[in-house]
Amino acid sequence: MASSVAINMDENSIRGEHTESSMIDSRLHECVRLDDIDDFKSRVQTHLAEKLVTPCGNTLLHVAVSYVSDKITSYLAEEFPSLITTQNSQQDTVLHLAAREGKDSDAIKSLVESNPSVTRMTNEKGNTPLHDAVIMGKKKLSILLVSKDPEVAYYNNKYGRSPLYLAVEKGNKKGILDDLLKSRASIPIYREDGDALSNGKSPVHAAIERRDKGILKKIKEARPELLRLTEKELGNSLHYASSIGFLEGVEFLLENFHDGAYERDSEGNYPIHLACKSHSVDVVKEYLHIFPYPKEFLNKKGQNILHVAAENGKDNMISYILRQDPMLVKALLNATDKDGNTPLHLAACYGQPLASYLLLLDKRVDFFIVNNENSTPYDLAAEIARRADAVYAKTDEMTAVERQQFDLKNNTPADEIKGEEADSNKIAHDYFGLVMTLSILYFHACPKKSLSELFPIKRPMSHARDYIKRMLGNLLVAAVLVAGVTFAGAIQLPQLRDQHHELKSTSRNISHENLLYGYLLLDFGALSTSLVAALMLLWATFNNPKFQIPAVVLSTSMVCLAIVMMFGAFFFSVKIALLGSHGGFLAVTITVVAVICFLAQALLVFPWIIPISANQILLQLLLHYFYYIYFFLFVYGKWWLTHKP
């Protein structure tokens, strides 16, 4: 609290329990409400007037001010001056109540004139009376308060908002902002009872948030020095206007606060970097028009504007920058930051598929530059994909409690991660975007290496013992189910759809026999294969654990093969049932669908019956093709349709 207050606040504040106070009775309260000064004087006891309060700690003067009872207000202020600075349970003085509930009157003016220090007293929210007057739109009272103590217009409450900020936030309601700006008080840097404007929220930032160029002009005309204020989290006014893509504000500020473009924010970025993080190409265009040397603007990580746009996946921004003067762009394309990363490295690292592809389309980009860790963009994306897979696999094996502890441990804020730990945590937030980026890089920027080097083989021995046991159990269940189904099929042979139908032609009779033999062959093969697989799994379960891995590998192929043969047997049974049927279209349709499904199953089973090394390489290649095709159909295709000339 300001030291200039004439009356000690601690001595005059109402105690929470009112141990030494008495409650105001209803008759006295009615006298105050009606401003009946004569009846009030006859009822109030002079020696108790300072101790009479309402349940929320309001004194008689608080009540009189809230009812605009000027006669009683003047009487109490003159007879009991200590009530002027007395605060209720919400730490409100009478001026706070006047600002919120009452009206400006001669009595209130007299209170301010006689006790100017009360204008700096704050309630539990940190608001001075001027704060409340601005919030409530009390123009005359605001003018009165700021005229007596102009510096209060720049005082912050507990939320960092000054009366000036609130006036901007209210959109200059009733012209209060104009009145506050007219006060020629110097902007306070420090105050005894709290932070001054320089450490709170800037009114210029409030105007930018409202995208109100008119208020910016008013501030510039009245107090141009306010344009230079900086907020800790948002930076200076140019930083904030650039970050939200406020083009008119950026143009205005570049004209009137040109030096702000050369300042870095708390994260080490210039305003042009924040413009590249936004979606407004027009803002970047304005910066490049005024500063046609973007290579000179490097943030604390040594990154230029193309680095920032690539890292944040701003494809429109990247496309615009790449179309600029070749001499201007050339210095940006393959520039490296302090970690040796090019824009393509960052796009790959943070899983930005469209940004990566746009850079790859530019023939001026060098795809094989290595960073400080000797990694190309493809190497970096592949390494991060492996880390993401490892994290996923680790959490998959955890219990619920372990996963919760893991999540808490890995939710460390970025500014708390230091050194190597920070570098190892550059994992893309969007895993799907990361694998698409890796696939794009595989087809356009993959180093010349063998398939075994590009796709390291994960040996089964690396699996946990519990995982192998689960595999054994699942395969055993599948093998027994297939054996049961095929055994039932062997007992009940398929019949013609019409059991009374007689095959008159020799060709149809031969067809029936061939189909039946085929059915029996596939059914018996599926039964035998699944039974052998089941016995092998049982044998591995009760013997040395080192036999479990080869048993799983071999039985997996056998069970998959048995499932395919079982479907083939089912196909033959359907053909037998339809033999001799006159529904030709139905028979053809069923046959076509069955053949398609059979081929699909065969394709799905094929990876399981080839060696595990070839299996893993094949699957990863197929995934690359899948993600690459998906990217062109649903990501790049959509972007191209919206940006084509």
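Cβ atoms are placed via backbone N, Cα and C, with glycine included.
TrEMBL annotations:
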COMPBIAS  12-21  compositional bias 'Basic and acidic residues'
REGION    1-21  region 'Disordered'
REPEAT    125-157  repeat 'ANK'
REPEAT    159-192  repeat 'ANK'
REPEAT    339-372  repeat 'ANK'
TRANSMEM  472-496  transmembrane segment
TRANSMEM  516-539  transmembrane segment
TRANSMEM  551-572  transmembrane segment
TRANSMEM  584-610  transmembrane segment
TRANSMEM  622-641  transmembrane segment
*Find the average pLDDT over the repeat 'ANK' (125-157) in the predicted model and report it.*
93
*State the residues, same chain only, that lie 6 or more residues beyond the ends of the transmembrane segment (622-641) and have a CB under 8 A from a CB inside it; answer 'none' if no residue qualifies.*
315, 353-354, 357, 435-436, 438-440, 442-443
*asked:* Counting only residues 6 or more past its boundaries, what in the same chain has a CB within less than 8 Å of a CB in the repeat 'ANK' (339-372)?
replied: 301, 303-304, 306-307, 309-315, 318-319, 322, 326, 329-330, 332-333, 378-381, 384, 423, 426, 428-431, 433-438, 440-441, 444-445, 447, 631, 635-636, 639
*Using DSSP, how many residues of the repeat 'ANK' (125-157) fall into helix, strand and coil, respectively?*
23 helix, 0 strand, 10 coil
_Surrounding residues of the transmembrane segment (584-610) on its own chain - C-beta under 8 Å, 6+ positions past either end_ = 556-557, 560-561, 563-564, 567-568, 571, 574-575, 578, 618-619
*DSSP says what for the repeat 'ANK' (339-372): how many helix, strand, coil residues?*
16 helix, 0 strand, 18 coil
_Residue counts (helix, strand, coil, in that order) that DSSP gives for the repeat 'ANK' (159-192)_ = 17 helix, 2 strand, 15 coil
